[in-house]
């Protein structure tokens with residue numbers, strides 16, 4: 001019994017040591033720009049950009065094959081941060097090809113839903129709830145607006161709608177000083 005425990009411990013220790021040496025010996029250094037781009041991307045690996053996950057999109061952006069506006073869930077803020085890293089001319093806060101848009105979420109018309117589970121399988125954040133051959137619905141707080149479910153729906157029961165304003169998603173405008181308010185009134 002003790003021999004078995006000692007042999008298993010020695011085997012585990014030896015293989016662990018071998019894996020540690022192999023990891024250091026065969027380590028491949030990735031370019032720093034690739035790690036920086038991947039750090040800015042949301043990391044949901046939804047595939048809405050057409051690349052296999054956020055790492056694939058980061059590789060394409062670092063090579064110049066993908067635009068900074070390719071990440072739909074990231075939106076304008078991610079595109080601006082990526083434009084600064086990839087050195088795209090942002091034009092004073094404007095990203096080429098990206099319009100100012102409000103965040104959207106998926107909405108399922110329940111009378112058209114057949115319960116085929118295709119949207120359920122495509123959602124990267126598990127925002128769609130429902131069972132097989134039952135009506136599905138979307139949890140708006142979990143939806144990132146990648147629109148992967150819209151493409152997967154065979155009955156076109158899913159549409160993108162503007163994210164409803166709730167206490168969690170609604171923000172006040174930035175307060176203005178008295179001088180800024182006065183300048184706005186004079187200009188009008």
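Using the three backbone atoms N, Cα and C, a Cβ is placed for every residue, glycine included.
Quick look at what Swiss-Prot annotates:
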type: REGION; residues: 1-23; note: region 'Hydrophobic'
type: DOMAIN; residues: 29-88; note: domain '4Fe-4S'
type: BINDING; residues: 46, 49, 54, 71; note: [4Fe-4S] cluster 1 binding site
type: DOMAIN; residues: 104-133; note: domain '4Fe-4S ferredoxin-type 1'
type: BINDING; residues: 113, 116, 119, 153; note: [4Fe-4S] cluster 2 binding site
type: BINDING; residues: 123, 143, 146, 149; note: [4Fe-4S] cluster 3 binding site
type: DOMAIN; residues: 134-163; note: domain '4Fe-4S ferredoxin-type 2'
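Helix, strand and coil residue tallies for the domain '4Fe-4S' (29-88), in that order: 32 helix, 0 strand, 28 coil [DSSP]. Taking the C-alpha positions, the distance from residue 119 ([4Fe-4S] cluster 2 binding site) to residue 49 ([4Fe-4S] cluster 1 binding site) comes to 17 Å. Between the alpha carbons (Cα) of residue 153 ([4Fe-4S] cluster 2 binding site) and residue 49 ([4Fe-4S] cluster 1 binding site) lies a span of roughly 18 Å. Taking the mean position of the Cβ atoms of 113, 116, 119, 153 as the [4Fe-4S] cluster 2 site, the remaining same-chain residues with a Cβ inside 8 Å of that point are 108, 114, 115, 117, 118, 120, 136, 149, 152, 154, 155, 157, 158. What surrounds the [4Fe-4S] cluster 1 site, by Cβ distance within 8 Å of the Cβ centroid and not counting 46, 49, 54, 71, is the set 41, 42, 44, 45, 47, 48, 51, 53, 57, 70, 72, 73, 74, 146 from the same chain. Cα-Cα distance from residue 146 ([4Fe-4S] cluster 3 binding site) to residue 116 ([4Fe-4S] cluster 2 binding site): 20 Å (rounded to the nearest whole number).
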